[in-house]
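Some notes on the structure that comes next.
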Amino acid sequence: MQFDVTIEIPKGQRNKYEVDHETGRVRLDRYLYTPMAYPTDYGFIEDTLGDDGDPLDALVLLPQPVFPGVLVAARPVGMFRMVDEHGGDDKVLCVPAGDPRWDHVQDIGDVPAFELDAIKHFFVHYKDLEPGKFVKAADWVDRAEAEAEVQRSVERFKAGTH
């Protein structure tokens, strides 16, 4: 499975950018309240609809951060199942598609445990200081479950429902 991910937030940023789906422009949504930075490039999978009514979120492991609005051809290796104040907010973990430097990463177990722990720590705590926001459940699942969620999100998008 391969798809395009639109990057909204480069790795290392505290600014939370979002693509305005009506205008196509990148908007500064907010600054993170916690003194933390995004641990990967972060965006969404084109032509999907997640459980939260937004396109399905994606995290892309890249050797160097890219800019907001850049499309990255990616493939899933796992998914971070997360529940926040709005409900399900899953994040598909991806690597660049067609890049031989990532051939050894095929499933979640191929990603170093420390990297997974760092990403999990960020998403469990990045909303800690924001009034009314929280994360209550979060864990990693494998590539098969990630691919199934991507497929469900594509079907929701095509049906226009969530």
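Backbone N, Cα and C define each Cβ position, glycine as well.
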Same-site Mg(2+) 1 binder from ASP20, ASP89, ASP99, ASP103, given that Swiss-Prot records ASP52, ASP57: ASP89
Candidates ARG27, ARG30, ARG143, the one Swiss-Prot lists with LYS16, TYR42, TYR126 as binding substrate: ARG30
Integer Å distance between the CA atoms belonging to ARG30 (substrate binding site) and ASP89 (Mg(2+) 3 binding site): 18
ASP89 (Mg(2+) 3 binding site) CB neighbourhood, other CB atoms within 10 A: 20
Subset of binding-site residues (LYS16, ARG30, TYR42, ASP84, TYR126) lying within 10 A of GLU8 (Mg(2+) 2 binding site), CA to CA, in sequence order: LYS16, TYR42
ASP57 (Mg(2+) 2 binding site) and ARG30 (substrate binding site), Cα-Cα, nearest whole angstrom: 17
